[in-house]
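See structure below.
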């Protein structure tokens, strides 16, 4: 291996793609990411993600094709489009045409087969806790983009709209008139629009994608990460990662392991608080009867826990201790030494802290 690239003679882009860096990665089985140091490297505010083969492991249109027995025909077109060997819009129309007659509820059936990519939940939870705006911008289809946005707590979802025959409740094989195709140019446009609408500079944007139709927005972002991408995209994208967890992207933002773990716990506590608030607003728990009595504490195995009481719609007292609260509110972990905001009076916007120790 020759001498390292010299910044005195090479541009930053040439350094980033220098053959010696590639050789070093292969020899030591590591990935090297070069970034210009600036205040914006750590302080991003908008994250835009591709959906298929990025936030989820599948290509949705291929899954629909498998459902109707046309997987081979559709997947070949998908691969050509993602590799940049076929115009995306033309490929999309051709693939959608093969879906004519598919029941419109196919997306509901597909949800149970979709696998959210490893690390995606943690990545989005941390970014949300840090105050990011987040969007999924997909060349896939709107019903699943909306569902995924709900699953991951994203603020925006943009994807293609399929036309449905209202009589037969089946797909017509056409895209919905009046909606733009989400191709490479449209993805870049959405990135710029979201940044402008939220008063965010492009230097403070993060984009993650894997296909050729992601390249334009990857190159425009403050940090554009090609995630386990197609060969063409890996060669052209500003940054590439090929690990096993999307959580690795957090390291590129300057976060360390202990920072990430702390933010993940905070995110789960926030989720628990949101779920509690939803239960109150839906009448499952009366917001006038929720209280955290400090005197009502129990000691088990040396750990003090506080009881959470509430009067439910069925007039049954709800009593939960420590670790049970985490499970009840779908927090995912026992709530130990974290703070949960409890909304006693939503109208007055009073927030109390229930500390579960």
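Glycine is no exception: its Cβ is also placed from the backbone N, Cα and C atoms.
These features come from TrEMBL:
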type: ACT_SITE; residues: 50; note: active site, nucleophile
type: ACT_SITE; residues: 52; note: active site, proton donor
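In the three-state DSSP classification, the residue listed as 'active site, nucleophile' falls within coil. The Cβ of residue 52 (active site, proton donor) lies under 8 Å from the Cβ of 58, 59, 60, 61, 138, 139, 140, 211, each on the same chain and at least six residues away in sequence. Cβ neighbour count for residue 50 (active site, nucleophile): 27 (other Cβ atoms within 10 Å of its Cβ, all protein chains included).
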